[in-house]
Structures are given as C-alpha cells and as structure tokens.
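The domain 'Major facilitator superfamily (MFS) profile' annotation in TrEMBL covers 175-599. The annotation transmembrane segment is assigned in TrEMBL to 173-193, 213-233, 245-266, 272-292, 304-324, 330-351, 392-416, 436-456, 477-498, 504-524.
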Amino acid sequence: MEASRSRSAVPKNYWDRLENTITVPKVARGSRSQLDVPKRDLDRLDNDIAAREPARDSKARLNVPKRDWYRLDDNIAAPKPARSELRQSFRVSLGFDEEAIRELSEVRGATPVIFGSPDYIFNEFTDQVHRSKSVCLSESELAEAASRAGRRQDEEWDNNLANPQNWPARKKWAVVLVASWLSCITSLASTMVNPALPEIAKGLNVKSQQVTALIVSLDVFGFVVSGVLAAPLSEMYGRRILYTLSTYCFAALTLGCGFAPNIAVLLTLRTIVGALGSACMVLGAATCADVFDPKQRAQAMALWSSMLILGPMIGPIIGGIVVQVKGWRWVFYIFAIAGAANVALCVLLMPETAAVVLKRRGIAKTKADIETADQGLSTVASLRALARPLKLLCFSPVVLIVAMYSAITHAVYYLLATSVSLTFSPKYHFSPRTTGLLYLASGLGTLFGALVGGHLSGRTAKKTISGGGTYTPEKRLDPTMVLPGTLSLIAGVLLYGWSVELHVHYMSALAGLLLFGFGLALTATCAQTYVPNNTDVGFFGNGATIVYSQYLTGFLLSPGQTQDEASPYKYGDRLAADQNVIVVSMNYRLNIFGYPGAAALDRRNLNPGLLDQCQAVEWTYNNINAFGGDPERMTLFGQSAGGASVDYYSYAYWQDPLVAGFIAQSGVAKDEGEYDASGSNFTCVASAVGCGDDTTDKDKLFKCMQTVDSTAIINTIRPNSPTTPTCKPAARGLCARIPTVYAQDNNEGASLIQYNEAGVNQTEANARTLSLATCPGAAASAARVAYGIPVWRTRYFGEWPNLNPLDWLGAYHSSDILMIFGTLDLRGPDTEEERKVSEDFRTAWATFAKDPAGNLVKYGWPAYKPDEKTLVELGVQGSTSATFDVGTAFDGPLC
C-alpha cells in the first residue's frame, strides 16, 4: 500500500458519484435498462476510464482522501458474495452527467501499467464496465469491442516480461536443455533394460519369451497413456508440476521395479511407470513451443527430439555394462537414483512456461472475482484437449499422413534397435559389451540429423519471411528435408540388412545404422515442428497426435508380440528364402498324450498323435496352392522324435500318404513288439496320479486321466521310457512306396547318455547311436530297397567350434538341425567351411523336396545300396563337399 496519497483537482463529490455508480445493485436480468448517457459521451468515458493510471508504488497518487481510496478499493475487491452478484449482473445503469465525465477525463496518467499491479486491476475492472455497457450495442459493435479487447490483452501479454517468449535467450535455452535431459533419461530407461532381459527371465523364473518381451513393450504402451493425458493436465495445472510429479513417479516406481519379487509385480510397475513417469517425453515439445515462437522453434525442437531418440539408442550400451558388472536389479536402482536427481532439477531449474497458466495466475493474484470463472473455462478447454489428437487424426488428412509416416519409422526403429544384439554378436563375433557400443552409430546419425534438420527448418522459415512470403506450417515439410530424410531411412535399412545377411564387413552395417539414424531424426524434426502448428487449437494437443501414433505402433510392433515359443534354431525363414520353398510347421501330440495305449480305447484311436499329423498334412494339401505351393510335390520332414513320426506316418497311411517324399532325420520307426491289450503302461501312470489301479473300471480310469493336469502326467512319465506308436508292418512292406531319405549324426548317443564333463563312455555312446538311428535306419533302408523304393541314406560328421562346446561330443544328436535351417550363426561365430556345408545340406534337402524321385541323383547323390559306396557323408574332417562310403561299414555286427 502507498505511504501517502497526493491530491488532485477532482472534487470529492464526483468521486462519491463515481463510487455510487460502480457499486449500484444489479438490475433484473429480464429488464433492458438503457444508459442515461449519450453514446458519444460513453465513448469519451471509455477512453477516460481506460486511460492508464500511475502505478501505486510510484507514489505519484491522485489527490484523493485516503478514506475515499479505501472505499474504492473495497468496491473493487468486494467480498465473495458481492463479487458473485457482480459476475451475474450483465446490465448496469450508469448515471454520469456530462460535468462528471468532463472532470473525470482530466485525470490521466502516462505511466505504463504493470501486469498484476493495482492499476492493472483498475483497467481490468473497467473492462467489466465496458462489457456491461456493450450489451446494449448491436451484434457487430459487440463483436468489434470484443475483438478490440482481445487484441489489447494479446498485445499486453506479448510485451510482458512474464511471457516466456520474452525471457533472455540464455534462460530459454537453459529450460530447453533441462527438458531435453529429462526426456533423454526417461526414454533411455525404456531400452536400457533390453540387455537385462535374459537375466531377468532367469532371476524371476520366467519361461516364456513373450512374457519377457512385455517388460519392454508394456513400458512403451504406458507412453501412449502419458501422451494422451499429459496435454490437458499440463494446461490445467501447468508444465512445472507435471514435470515434477512425473519424475517423482519415475524414480519411485523404477525403484520398485528393482525390488520386484516376481514377474507380475515387475510388469505392473513397468506399465505404471510408463504411464505416470514418462510425461517428460511429451512435455518437452510443449516447453519448446512455450519459450520460442514458431519461427524460432526449429533448433529447440531439433535438440529435444534428438535427445528423445538418442536415449533409447545408448540405453543398451549402459544397460549391458551395468548388467555385466552389477546384475539386472541395478539397472533399475541406477535409474531410480537418476530420477531422484531429476526431481531436484525440476524443482530448482524448471520454471512454469505454460502461457495459459501464467496468464490465469497473474490475474488471480489480485482479481479473485473472476478466478472461478477462468478456472472453469480452463478445465473445459483442457478436457476437450483429451480428444484433440484423435480428432486431428480423423479429420485432418495431412496430419494423418504425417502421423502414420512418423509412426511407421519409429516402429521400424524399435524393431531395428532390438535386432542389433541378435545379428552382430553371432555374425561378427562381438562380445555383449562391444555389441552395445554399436548403438553409437545410430546415435551419432540421430544427433547429426537433428542438427541438420533444425538448421534447415529454421533457415527455411527465415528465408520465407525475409523474401516477403507468408510463413505457414507447411514450410516445415520442405522437400529439401523430407526427401533426403526418407531416402536416408530406406538406404540405411537396406544397407544394414544386406550387410548382415551377406556377412559383409561390419562397418558396412554400421554405416546403414548411421544413415537410418540420420533419416529418422531429420524426418522426426519435420513432423514434430509441423503438426503442432498446423491448426489454431493449440500447440500441445497437436503434438500429442505424433506421440500417440509413435508409441502405439512401437508397442504393437515391439519384439515378442507375435513371437512363438519354437526353438530359434528351427525357424524356416532362411530355408524358405534361400531355396525357394515353402516351409510349413505343425504341432502334434507326443508320448502318452499322442499314444496312450489305454485299455478303454479297445484298440481304437490308439495313435491320436498320428491323427494330428494326418490332419495337418490334409490341410496343407488342400490349401498350399494359396501360398504358391504345389500340393502334388509335398515332402514330410522331421527330426529326432519328428523323424520317427515321419517314418510311422509312412506305415500308418501307406496307401494314400498325400505327400511325395519323406525325410526322417535322426529318428526311425522301430518295432516295439506286440500291442499291450491290457493297457498296463497307461494304468501304471494312472495309478501314480491317483486315478486307480488294475481293479478300477477301465472307463472310469480313462475319464479320470482326462481330468488330471498335464504337468502331473508329464512329471510321472518323464523318468520312464516314452510311449510310442505300435508298429509291425515293416517286414511285410506295408509302407508308402515313395522316395525316402534317412539321415543321422555320427555320434548320436554322446549327448543322450549320462553326462560327464570329462567325457562320456564312448562305448556306451556308440551303442546308443546304433540302437537309436544306425541299426533302425539300416533296416528300414534295406527293406525299402528290397521293395524297389528309392532311398537315400546320409551321415553327418561335422564338428565346428560354435556348435561343439566340448571336443568329445563330436557330431552329436541334433547338431545337424542348425545346418539344415541355416541358423548355425545363432550359436556363435561360424566359419566359411561350416557355411558351405550348411549350404550343401539345405540345397540337397530343397532339391529333394522339389522332385523327390530323381533330383538328388541329378544333384550327385546316388540312391542307396547297402553294399556300394552310396552312403552320403557330410562334413567329414571339415570337408565342404559330400563324400561316399559303404553303408555296412558303419552298421556293424549289432545291426
């Protein structure tokens, strides 16, 4: 308050009349009382009342008695009930006479009004008077008055030092740097956990790869929620409080992840931390818009977006080191510590930048009579902002195209980022720590692209303005930026893929990552600066459209969402791509589930496992042409138990097998003796799980077994011999008379007998090899040769450093499966000779599949004859070409 009040030439009675006029009671809403002053005098009154008065703290006060000022203060800052009545009073009758107006017009001041000062209150109050008076004006005059008032308020805000866009450049960039740092840390946490996934799965006893992948993808899904909610909340309560609360939630919830006792708790916390702790990743764009006008915003947006993209690319580098040194829980502990530091950073260095909040708070300090109305209006506007991103996607084609483009590029980025560790480590023999450093290539490309994008975007805007042109948001989509960025994205992905697939020098693949990062940052800068400015409904709501699209597709295409539980070594994609064949995988029941042998079945449906295979073959036969395949040239291939199933299939459906060839690898149907009509094996298992014994009715026994949990049955039969189909027709030649390949490994039994790190009993291993594959394969081959069926017999001898962790293993059971599918590099660095043997293997199998009857002969592999050198040997002593020997030389006297 002022220490003194100077006097003026205005008589006291005029001030009293003015006060009486201002404090008149409200008029009934239904009445239309008119002003008692001519319009021209009212115009003069407008000018006089709106004249800027001296600031109170300037001590150059009007010569009005102190008590009269207090009376005027009391009228302006009326109690809440009075203010409520004043807000509801839309028509006030003014009773000024011409003399009072003339005297009042002489009271003027030249001191500028300071935002939030008492003089600002007076001007704002006269605006209320103007609005009361304008009700009696025409609609056009009312619109003009409202427009004039709005322009005056905008001009005052544009020139006000409280406006963040009027802050010094150093303060602006400090705010942008803090926002960029917060975004980088939050986004970095989303991928830093990637190297820890195997350790997390092991530590929390997670068996499913899909569940493990959710640790990353659910966090990304949380970003979608944050992108939608952060917009209206920041407009209601301000950016600063959202930054602070978000970083606090990030720190607390991430710390909880470090102490998670099981996978369910970890997944729940990761989802919540993504939703509540990632607001920094979307508020950064709004902060850049708050402190820079659209024509100067490009460089700030480039810095923020580059840090946002750079975080996930360097996350695996840090994560790999932390996991290797301290364990997976320390990944979360470190980020919890960083989050706590970020909370302090927000409190100390992050000011409020939201213009709408600053305006509202500036008025509310001294203008309590309209606070409630302003707050209500802000709430409604903020709630409408919830639907703004979706509305833009639905009703703005350009925004939809830009959002889809940005979403697709970011989805590719997430897929590419996770593929690096799966490709470089086995292909180029890199350690996990070295593999993590490879992410620097894409990170450097991102940084360079953001700098170039920000420079070009800002230069385009300045050139347009300096040339006399009109600046529009579409200038941000300049072809000089979008086209090079898109081409760089495409070139980077292709170069990376070709380099890894063709095993080119790793620098070529890194160049691809560099190009991809450059193109991603360049195009992201265009999208992030265009979409927020393309309409007049507000910057932040539009920016949420891009965020929503990017992270939604990032979640949908995150690794593991469509990945099955099959062994990665048996994926058929490489075989299909290399050999121009179609690979179809089937599931079927095994052991007691596939071949129960229960007495209740009365010799019916004894082999449902074979029925599964039959149905799969029939479906493939009827539908393979839709995939470009020929149903008359199908080959049924299996390995180990699958190889035996293929051979059993040849006996079960020998009259009409629907396929043109068989490949039974490391598995052959064996004569298991006569059928056990009593079902003793089945009854033994039923007794172990509590379903009865030999005295129990067979039907009740069977129904009880159908209700038992499968895990209990598996645990019961696991120590015992497996249940297999009944088979005794081989000697009678009742098998499908179509070309067949029998393949085996040279030392099958080494990995199937009791393990000893120093080495197994080789005599025992040889005996197991003979009984498992060699002797049954020799007998089956000889029987087919006797009946004139084309047969080929192969033996694999390959021993490679990445596939043989122990020297004494040799060519053990299943070691050839990686050679067939071309996935040998997944077990570590492969050799040139190894790749050539694998290619020979794949080509031979594909050649047989395309023409089982004669193609292998053309390929150079003779049909098998027991007493001739027709046994095909692969990988003997590292040889890259097939050799041939007499089959009986390996069969031995036991066969």
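Just so it is clear, glycine is given a Cβ too, placed from its N, Cα and C backbone atoms.
Here the transmembrane segment (304-324) has Cβ contacts under 8 Å with residues 176, 179-181, 183-196, 199, 281, 284-285, 287-288, 330-331, 334, 413, 417, 420-421, 432-433, 435-437, 439-440, 442-443, 446-447, 449-451, 517, 520-521, 524-525, 528 of the same chain, all six or more residues outside its ends. Long-range Cβ contacts of the transmembrane segment (504-524) within its own chain (Cβ-Cβ under 8 Å, at least 6 residues beyond either end) map to 302, 305-306, 309, 313, 405-406, 409-410, 413, 416, 420, 423-424, 427-428, 430, 438-439, 441-450, 452-453, 481-482, 484-498. Looking at 213-233, 272-292, 330-351, 436-456, the range that has the most CB pairs within less than 8 A of the transmembrane segment (477-498) turns out to be 436-456. Highest Cβ pair count under 8 Å relative to the transmembrane segment (272-292), across stretches 213-233, 330-351, 436-456: 213-233. Sequence-distant contacts of the transmembrane segment (330-351), counting only residues of its own chain at least 6 positions beyond either end whose CB sits under 8 Å from a CB of the stretch, comprise 164, 174-175, 178-179, 181-182, 185, 189, 192-193, 196, 239-240, 243-244, 247-248, 250-252, 254-255, 257-258, 277, 319, 322-323.
Averaged across the domain 'Major facilitator superfamily (MFS) profile' (175-599), pLDDT for the predicted model comes to 75.
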